Amino acid sequence: MLGAGSWGTTFAKILADGGADVVVWARRPELAREIQEAKRNSDYLPGVNLPVGLRATSRLDLALDGAEQVYLSVPSQSLRENLKNAEAHLNRNAVIVSLMKGVEKASGRRMSQVIAETLPIDTDRIAVISGPNLALEIAKQQPTAAVVASTSLETAQAVATVARNGYFRSFVNTDVIGTEFGGVLKNLIAVAIGIVDGVGYGENTKASIITRGLVEMTDFAVAYGAQPETLAGLAGLGDLIATSQSPLSRNNTAGRLLGQGYRLPDVVDQMQQTTEGLASVGPVLELAKAKGVEMPIVEQVRQVLAGTLDPKDIAPHLTTDDEPQGERNTDGQAQGGSAVRRAFKRAFDQLRDGGRRAPRDRP
Ligand SMILES: NC(=O)C1=CN([C@@H]2O[C@H](COP(=O)(O)OP(=O)(O)OC[C@H]3O[C@@H](n4cnc5c(N)ncnc54)[C@H](OP(=O)(O)O)[C@@H]3O)[C@@H](O)[C@H]2O)C=CC1
Ligand SMILES: O=C(CO)COP(=O)(O)O
């Protein structure tokens, strides 16, 4: 496990509790020592006891020695540099698994794309994991689930077999794009929810943003090749609900501070942990523009971050124009409809068929 923050340490515990032999790499020797000797990570997971068999080191060569599966949980902006440092020590046949939920700011690349560009590796040996996974809840062994996606179902299954235990269930699919973008995009909607929470708006506003946010997430991801069903599953809707509702979410917290009137530099100062959404807004809107996808909620988040939109003016109707007839202003049973409605219809049809066709996230 490369990365000893809240998610890296929690996921290492998931793997170790499932019976795997796990070594965590922490860049700070003192943190590696605390995990190795005291079985604690008091900076990131206060009060949590880590498995006795979990090992830790600040030496990359030792952490990667003989590793069959390498899990990555560092901030997205640092991945490329970390992979370059790790490359010489990687086992040639290792499966590389991204746990990250950001895009690279400079290139707009997803993490699996950064991995494929940086390492000499077949994409079939890359997997990504995403889902409703607030680290501290899982570290306390509260049950949850996630999606393991890889272009190779065999790789996804190999990872899912290891990344599961009594409190953590891994489903598999082959939609890497949808699974990764689900994690990236829900962060942005969670910032929006935090903003309106901070302003003091109530449940109707938040429900509107969650629902219309899912439309934006799905339209965007589908434009880049995702399966709409993925966005209706754990890595989309599931994670959106968890992140939008929880004060444990860093993205939600950052949004709430913005809604309370703090300016971005003060918010960044107050955030002790990685807040991927703040770096993803710009690249996501660039990518949306390139495909002609409208993202009015994400655009409003950008404007609040830039200080050009008063948080209280976030439009509850969440459209880009005042034209009531357009596709963007339709919802539910309206004609046309976006990918998210088609996804729900297809999921509903599958249920009505008595589950003869497999749902996307397969156990
Ligand atoms: N926390 C969560 O609930 C979840 C997080 N994720 C994703 O996991 C990823 C990691 O987040 P998370 O663990 O929460 O973040 P944290 O802020 O908790 O931890 C970040 C970790 O990365 C290390 N780090 C920071 N900068 C660098 C760098 N330049 N090079 C190497 N290591 C670095 C930190 O080390 P140090 O302590 O020395 O600063 C720390 O170990 C993110 O993409 C996030 O979206 C996904 C699901 C759940
Ligand atoms: O991804 C997460 C939950 O699934 C964690 O969200 P935050 O990064 O906002 O804390």
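Every residue, even glycine, has its Cβ placed from backbone N, Cα and C.
Cross-referencing LYS39, LYS84, LYS101 with the substrate binding residues that TrEMBL gives (ARG250, ASN251) picks out LYS101.
Binding of NADPH is attributed by TrEMBL to SER6, TRP7, ARG27, ARG28, LYS101, ALA135, ARG250, GLU276, and the same site annotation extends, among TYR44, TYR262, to TYR44. Here the binding-site residues are SER6, ASN251, and the one ringed by the most other CB atoms within 10 angstroms is ASN251. The average per-residue pLDDT of the prediction over the domain 'Glycerol-3-phosphate dehydrogenase NAD-dependent N-terminal' (1-155) is 98, rounded to a whole number. In this structure, the binding-site residues under consideration are ARG27, LYS101, ARG250, and the one with the smallest number of other Cβ atoms within 10 Å of its Cβ is ARG27. Of the residues the record lists as binding NADPH, namely SER6, TRP7, ARG27, ARG28, TYR44, LYS101, ALA135, ARG250, GLU276, the two whose Cα atoms sit farthest apart are 23 Å from each other.
Close contacts with ligand 1, defined as a Cβ under 6 Å from any of its atoms, occur at LYS101 among the recorded positions LYS101, LYS186, ASP239, SER249, ASN251. Using a 10 angstroms CA-CA radius around GLY3 (NAD(+) binding site), the binding-site residues that qualify from ARG27, TYR44, LYS101, GLY131, GLU276 are ARG27.
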